[in-house]
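The following features are taken from Swiss-Prot:
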TRANSIT   1-17  transit peptide
BINDING   His83, Tyr109, Arg110, Gly148, Gly156, Val158, Asp187, Gly188, Ala189, Asn216, Tyr218  pyruvate binding site
BINDING   Tyr109, Arg110, Gly156, Val158, Asp187, Gly188, Ala189, Asn216, His283  thiamine diphosphate binding site
BINDING   Asp187, Asn216, Tyr218  Mg(2+) binding site
MOD_RES   Ser284  phosphoserine
MOD_RES   Ser291  phosphoserine
Amino acid sequence: SNIFKGPTVGSSVVAMSARLASTEATFQAKPFKLHKLDSGPDVNMHVTKEDALRYYTQMQTIRRMETAAGNLYKEKKVRGFCHLYSGQEACAVGMKAAMEPGDAAITAYRCHGWTYLSGSPVAKVLCELTGRITGNVYGKGGSMHMYGENFYGGNGIVGAQQPLGTGIAFAMKYKKQKNVCITLFGDGATNQGQLYESMNMAKLWELPVLYVCENNGYGMGTSAARSSASTDYYTRGDYVPGFWVDGMDVLAVRQAIRWGKEWCNAGKGPLMIEMATYRYGGHSMSDPGTSYRTREEIQEVRKTRDPITGFKDKIVTAGLVTEDELKEVDKEIRKEVDAAVKQAHTDKEAPVEMLLTDIYYNTPAQYVRCTTEDVLQQYVTSEEAFKALSK
């Protein structure tokens, strides 16, 4: 065989091909903890150089973009709430890597990374934060309400996305689509009643939904241990099978979702997946994040479990990429984010007229009551208004 056991990087053993060492490699994930499953995802994870570079670029872009978002908030350019994804990048990037055309995702308010991965350039995300007309939703959504193709947001209410994701999965089954809906929430939202109502319906009708708990350890300022009688969130579904995955390992996350998709596509119904991750910042920008945990705890995670540093060490050690290649990637990311920050400062703000757009999905026929000219104005879409204002 041309496969041999390479060095251990963090908790992962590198298995490399002697013949293809520079273009592909295999790593081992931490064991997946299972609930009501006879077997789970394979711990052996294969990755090509092309994919490795893409995942690194995406994670690093999200990290730098969120740093820029935090700085814009401190400059008082961002109004309202602002929840950053720093530390959790491997979750979104790994999940997106496993998704196929037609698959959907829906999350809560920590949505900047998902918006970027769903097709919005960094500039669109940052311009949305500063209320610019060039933002993801023309400056009207702000930090918590951003969207993309098959990405349903961005929801500002804790747990509100859980029944919505279940509904998206219901539509997929009704239309006989071979797709899944990834429904994301944090550990703090696992105690919300709508999660259990949703899981009951999903299991009753065997819906293709993956309930994913991004367990970053804290719901606002409350640790998981103080808020939950059981912190094994992957077992919360009771009659819904589930498993635990290391959410700081982008390849393990990808492996988990690929396996989950196969489960759903086989008609077996929902799964509950817990991704163990960590957020470096506070719950939001108004939370310093150090009153309920120590700075030493944060630094320890950065030092031993950081998703970007850990992945970088793996792929460099395996010979997939060089330090110089990654430095070039970092350089390009800096340029992109710096240019986006300038746009977020200087692009036109959304005008007051935009408040009247997107009130309804489409324009009703004239014979409908109350469709006077002033009411019809409310049926204009943001896109139509943007085009008119750009003339």
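Backbone N, Cα and C define each Cβ position, glycine as well.
On the structure: features taken from Swiss-Prot.
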residue	record	contacts (Cβ under 8 Å, 6+ apart)
His83	pyruvate binding site	Tyr109, Arg110, Cys111, Ser143, Met144, His283, Ser284, Met285
Gly156	pyruvate binding site	Phe81, Ala108, Tyr109, Met144, His145
Asp187	pyruvate binding site	Cys213, Glu214, Asn215, Asn216, Gly217, Tyr218, Gly219, Ala224, Ser227, Ser228, Thr231, Tyr233
Ser291	phosphoserine	Gly221
Next item on the list: Let me know how many other Cβ atoms fall within 10 Å of the Cβ of Ala189 (pyruvate binding site).
Entry: 20
Item checked: Ser284 (phosphoserine): tally of other CB atoms within 10 A of its CB -> 18
